[in-house]
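Colleague: For reference, TrEMBL lists these features for the protein:
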type    : residues : note
BINDING : A:R342   : substrate binding site
DOMAIN  : A:36-332 : domain 'Aminotransferase class V'
MOD_RES : A:K193   : N6-(pyridoxal phosphate)lysine
There are 2 protein chains.
Amino acid sequence: MGNLRHMLRARTLLGPGPCNPYPEATAALGQPLLGHLDPLFLQVLDETSDRLRTVFGTANRRTLPLSATGSAGMEAAFVNTVGPGDVAVVAVNGLFGQRMVDVASRTGAEVVAVEHEWGQPVDAERVLAAHPSPKVIAAVHAETSTGVESDMAALGAGKGGALLIADCVTSLGGIPVELDAWGVDIAYSGSQKCLGVAPGLAPFTISDRAWERRITKPQSWYLDLGMLGGYAGEAAGSGGRTYHHTAPTGMVVSLHAGLGRVLEEGLPAVHARHAAAGGALQAGLVERGMRLFAAEGSRLPELTTVWVPDGVDSAGVRKRLLEEYSIEIGGGVGEFAATVWRIGMMGHNARPDTVALVLAALDDVLA
Amino acid sequence: MGNLRHMLRARTLLGPGPCNPYPEATAALGQPLLGHLDPLFLQVLDETSDRLRTVFGTANRRTLPLSATGSAGMEAAFVNTVGPGDVAVVAVNGLFGQRMVDVASRTGAEVVAVEHEWGQPVDAERVLAAHPSPKVIAAVHAETSTGVESDMAALGAGKGGALLIADCVTSLGGIPVELDAWGVDIAYSGSQKCLGVAPGLAPFTISDRAWERRITKPQSWYLDLGMLGGYAGEAAGSGGRTYHHTAPTGMVVSLHAGLGRVLEEGLPAVHARHAAAGGALQAGLVERGMRLFAAEGSRLPELTTVWVPDGVDSAGVRKRLLEEYSIEIGGGVGEFAATVWRIGMMGHNARPDTVALVLAALDDVLA
């Protein structure tokens, strides 16, 4: 059987995530493991929830890292809020909006999908007009498939009696997220994008308003927020803890460390660093004659989408970048699989030297 | 905000899991991270599936680590096999059998629970007679709540047309598991027990026979084996890989390393080490006048249950062990919360020095 000796050279991870974690997040994984009911671990968990509240821009007491990846956060959002007889309006402007439709429809809810051209932001007016009284409205804040940011505040302002669900997988820690100011009721993210931690956890938050209207016995036991609340989030501070499942303690300690690094640098500085790296990358690509994919004005700094130049073999370039430069960038998604590249500047990688490296490598490979 | 300076002293984790990981598993978490579509990572994933086949005792090609903890493995087993109109017979001889009933009932299936006294093994005859034509029969191989092993081969021999689901969370890597020989169709485990890896992954396997009778669009998107099969397991070796969700690559590399350590030592030697450690612990407790909880003949070596001596404050002893000796042991479950202790000898901890340490510490605290 093989071992890890083939991993002699570190990858520079500039795809749509995971990115290279913050060194503090990796170092935390080497700490002695804690049990999931150890008072020391529960303190780390509570601090992690506090830190998540800060990056999410929310005071929601029910804020915690779910024990699975970001897509499980999406599933938790829907199975805890809708079921047969409920209407969910879903804005679709990329793969993750499509995934929301699939996930929501498996609850038995009626799903109204509002389709958009890929590369465009969500049209709040059209989404809000799609149904007179949905139970939830859902949209992706930062579409990982297209590199597009959408305006969640516009949806929050017009949501009326509906609950607003925001996918913040690729936005959290990279661009400002202000859930309470925007009127978002439920949001989730992933540890491996701009938060700069390995994949494996889904930061999650739900407002009191949404909590009161939740499905009390959701179809998923693992993602049942009512049961999870006894272990984390709701009970924090009250002293009462009920075992639900064995939390991935090492990963939580790592997320705690990654968030600590982000908050030590300061959220405005972290956002500025992402904006500078993404802006420099996008300018560099345009200088080289390439065309950006995402609509102007809605381009994410942390994930750049660019058309593959005419006549260039997309997969061949990615293979050479990986094999010769140990740099990973992403291909496109769906019909754009072979015609678009996705280049991430996330977390610890959002730096000028990373921009210079990937541009230089592209220059060499495309020469 | 706090940092990790309070974690100056490593815990010796002798509760029901997590245990202290094998050093190789922890070291792997410090390796440079790989992307989930990197050919190097896919090679590690395929080798991990191979290694899991060996420890599970199966040739099932669909064998993979699910991206969540053991309880998600349980949910995956049920949501992919039963729904409205199906009958699930579940053997209940502890908390995890009860959990199976809850998880299975959320699919809309008719659940026939066959109750047993806690501390006793599953009565195969009674379980097999509980319903004439169930779609699935499910039982826990090693009950983490009671420290009891049950005979899965007896269920496999009499299962008839039913699919047999085995919970191997606390058995895999600690005692022999021979799924194919026993006739088990679906099994799952957790990374943090006898496999000696941090919590966060659920090793999972499903036979071709069960695959053909699966629910093709299960209520869970995240645990949809049909979609997961495109990424891991089924497609392995064929070259075709479809993105499903971002796999927790760091954790998979760690599981790969932990399994490598187990197989390098050799499964018979690893099982013998667990048997020796558990046997020595149980003999030591009996020598000290304590009474074991689990039925004689069905006691797990990797998890010992023992009655708290009369007049002793169970929680107080656990608190002193944790604070003075940095040793974690577990309390009991349910009605036995304050009257039973659970002491694990799992993975890297299944050693004579660990047995000596916990017995010496108990002697001091109980003196």
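Using the three backbone atoms N, Cα and C, a Cβ is placed for every residue, glycine included.
Just so you know, TrEMBL annotations never went through curation; they're auto-generated.
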Colleague: Between A:K193 (N6-(pyridoxal phosphate)lysine) and A:R342 (substrate binding site), how many Å separate their Cα atoms?
Modeller: 13
Colleague: Reduce the DSSP letter at A:R342 (substrate binding site) to three states and note it down.
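Modeller: Assignment for A:R342 (substrate binding site) reads strand.
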Colleague: Measure from the Cβ of A:K193 (N6-(pyridoxal phosphate)lysine) and count the other Cβ atoms within 10 Å, all protein chains considered.
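Modeller: So the number of other Cβ atoms within 10 Å of A:K193 (N6-(pyridoxal phosphate)lysine) is 29.
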Colleague: On the 0 to 100 pLDDT scale, where does the domain 'Aminotransferase class V' (A:36-332) sit on average?
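Modeller: Result for the domain 'Aminotransferase class V' (A:36-332): average pLDDT 96.
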Colleague: What is the number of other Cβ atoms found within 10 Å of the Cβ of A:R342 (substrate binding site)?
Modeller: 23
